[in-house]
Structure formats: C-alpha cells, structure tokens
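Remarks on the structure that follows.
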Amino acid sequence: MHEMSLCQNIMEIIDQQQKKHEIHEVTDIWLEIGALSCVEQSAVEFCFEIMRKDTVAENCQLHFIHLPAIAWCWQCQKEVEIEAYQDCCPHCHSACLQRRSGTEFRVKEIAVK
C-alpha cells in the first residue's frame, strides 16, 4: 500500500508549512490525483485518518481533484483522453500515444487557521 507513504509525505508538507508559517490548524487539503496514478482514494482517506491524529491536521478534511489522463496521438496528431496505459487513440485507434498527464499525485492547496 503505497498510499501510506504518500500520506507520510503529505504530513511532512504540513509539518514544513506549520514551522514556516506558524500554523495552528489545517482545516482542508486539496489533492490532485491523476487517472493513471494508481492511487486509491479510499486508501488515502484511511491512511490520512490514522496519521492526522494528535497533529494540526486532526480535524482536516481531504478534497480530491481527479485529473484525466491526456496523451498525444502521433498518428492523427490530436490530444486525447485515455483511461489506461495501454489504451489506443479513440479517433484513429493507433497505439502510438505519448502520455502527457495522468500520473500526478500532489497537494494542490492547504487551508489553515
């Protein structure tokens, strides 16, 4: 379960920001998750629930922004949305795609008090 290490990274970001800006409470965090990131939202929620105990993020709410996977088709020269690594172009059915996005997992925004 790599979501545990992802949540550890989130907590490290919170800790760094707390020290830098003297934060007393983190109320909300927005996370961007790409369609091809292999990150399970429910696993992130579960891990974060455990890790936030007795921290400035104890009452923090997670918000998820789901990002589509975008690829460039070399055959028809179009940007296309894909759902899996092995997908073909939905227009010309070519397998010659170059992924441009979809593997992201990042903290987009943190709301604090």
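Glycine is treated like the rest: Cβ placed from N, Cα and C.
The Cβ of HIS2 (Ni(2+) binding site) lies under 8 Å from the Cβ of CYS38, VAL39, each on the same chain and at least six residues away in sequence. Positions annotated as Ni(2+) binding site by TrEMBL: HIS2.
As annotated by TrEMBL, Zn(2+) binding site applies to CYS73, CYS76, CYS89, CYS92. For CYS89 (Zn(2+) binding site), the count of additional Cβ atoms within 10 Å of its Cβ stands at 19 [all protein chains shown].
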The one of CYS73, CYS76 whose CB sees the fewest other CB atoms within 10 Å, among these binding-site residues: CYS76
Protein Cβ atoms within 10 Å of CYS92 (Zn(2+) binding site), excluding its own: 14
